[in-house]
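Here is what TrEMBL records for this protein:
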- D467, N494, G496: Mg(2+) binding site (BINDING)
- 28-133: domain 'Thiamine pyrophosphate enzyme N-terminal TPP-binding' (DOMAIN)
- 225-342: domain 'Thiamine pyrophosphate enzyme central' (DOMAIN)
- 435-560: domain 'Thiamine pyrophosphate enzyme TPP-binding' (DOMAIN)
Amino acid sequence: MESANSIGSGAPPTSVSVPVAPNASSGTLGSHLARRLVEIGASDVFSVPGDFNLTLLDHLISEPQLNLIGCCNELNAGYAADGYARAKGVGACVVTFTVGGLSVLNAIAGAYSENLPVICIVGGPNSNDYGTNRILHHTIGLPDFTQELRCFQTVTCYQAIVNDLDDAHEQIDTAISTALKESKPVYISISCNLPGISHPTFARDPVPFFLAPKVSNQWGLEAAVEATANFLNNAVKPVIVGGPRLRVAKAQRAFVELADASGYPIAVMPSGKGLVPEHHPQFIGTYWGAVSSSFCGEIVESADAYVFVGPIFNDYSSVGYSLLVKKEKAVMVNVNRVTIGNGPSFGWVFMADFLTALAKRLKKNPTALENHHRIYVPPGLPLNYAKDEPLRVNVLFKHIQQMLSGNTAVIAETGDSWFNCQKLRLPENCGYEFQMQYGSIGWSVGATLGYAQATKDNKRIIACIGDGSFQVTAQDISTMIRCGQRNIIFLINNGGYTIEVEIHDGPYNVIKNWNYTGLVDAIHNGEGKCWTAKVRTEQELIEAIATANNEHEESLCFIEVLVHKDDTSKELLEWGSRVASANGRPPNPQ
């Protein structure tokens, strides 16, 4: 991820002037946008056609380096752009006005919560219709075209309404560069009659972006490092915990530098899994309060100083606000601010700069790591199964663990897969993604499509999806097949919304069972490469995995795993009761 958003990170141009040759193409708005998307790395664009964006899609298709991928619905197109951005550093989707825009809105909100630069492009009304009292289709029947814009204002960092060619170049470039600088989604609406029109501002190849790097306040950086080094060097058993904002800060390498220099044990918050190297000799597991990895929570919470790098503390990551950490013992390293205990706090100090500088000032202190080594007991294996005994979830994940390598990536859907996948030990270069902050069920289908498309040359995706979540977004299995993807999808069929059951049970958590393999076979319809299997025992699972890894290695493999409705991880049982308690707090006295 650290090299993904490298636009403009190279050396500045020299004083030698280089002539810019006119582009042989038409120099239209549409061609300019297409070339910009290719330039920033969004060479696959996820779309749903509609009459307001059809001309724009023509121009995107005509760009030879851009691949337009049609999705089954706008929500999945947005989720795919989210997944793509996780792998490539930026993603893009194209939908139509209002009916498409409001459908993709939920996915864009999720990307915003996860700090992902997604370029959401909407085909808008004809430029002549702005400022009139005309009522257009695809709207709510009022002569006001701003409804969609107002919805996007809260979930994007910049909005551009392109209905005039004179400022279209500036609007588009400002929107795209803002997405990259802020690492948030942006919204671009382009009037349907403009993409094919030439304009002098589009007559040449776009000059490449130069995004000036953000530089820390040197005085603030030095003061933050001095204060933090004094704080940590006086501690007896400090630890480091990595969080999800390591991604947006592009600070993974600096995090490892700090770990190597300090000798402290390193843990990861659940939402940061995949951003901290689990093959590192100082890695001790996931810190998640009461549902932490065995022996990890004890080491973190007994430390006399902890460095949280890029954390997000919400009700889910704090297990219903029950973490046993104390503010006065903590150094909080955020994207551009460092706070030590109850103070002081230093602003405009960027995470990567701070970690690298701090690494040079710390005394090596492996005390907490040695304590972990003394108390650590390796995790046990699931009990041996009897022949034809129904498959258990812990047995499933024992076999998924064995499938992982640097050539795989795990996508974990919202639900019990959060907890089971969290326990997987990731080999070096094994990818891992899930959506903990927003937690939108169904996210993983589209995200798998996008992530797999971005990594198609070097990774095979292993997606763990619950039956309830799959029912929300199942259609784009067909797009995976069309794209020739070779993902392995484990559909965990336990008859309902298990994560909701453990928070608050009710008949609404039971869903209609589908013949999931039959559905995927129908979607496959003999076109493309797809193989399905339904497994009920460990032996059937072993055989299915062997088939997926051998004769169907180049196919999309869909394995439906039937398990008992009450077969959950122990962590979900504990977490669910604590979150339920937090949700059920009575109103404060008036």
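Here the Cβ of each residue, glycine as well, is placed from N, Cα and C on the backbone.
Recorded features from TrEMBL, shown on the structure.
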residue : record              : CB count, 10 Å
D467    : Mg(2+) binding site : 24
N494    : Mg(2+) binding site : 22
G496    : Mg(2+) binding site : 20
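Surrounding the centroid of the Cβ atoms of D467, N494, G496, where the record places Mg(2+), the chain contributes additional residues within 8 Å, namely G466, G468, I492, N493, G495, Y497, T498, I511, K565. Secondary structure counts, DSSP: the domain 'Thiamine pyrophosphate enzyme N-terminal TPP-binding' (28-133) has 53 helix, 22 strand, 31 coil.
Helix, strand and coil residue tallies for the domain 'Thiamine pyrophosphate enzyme central' (225-342), in that order: 39 helix, 23 strand, 56 coil [DSSP].
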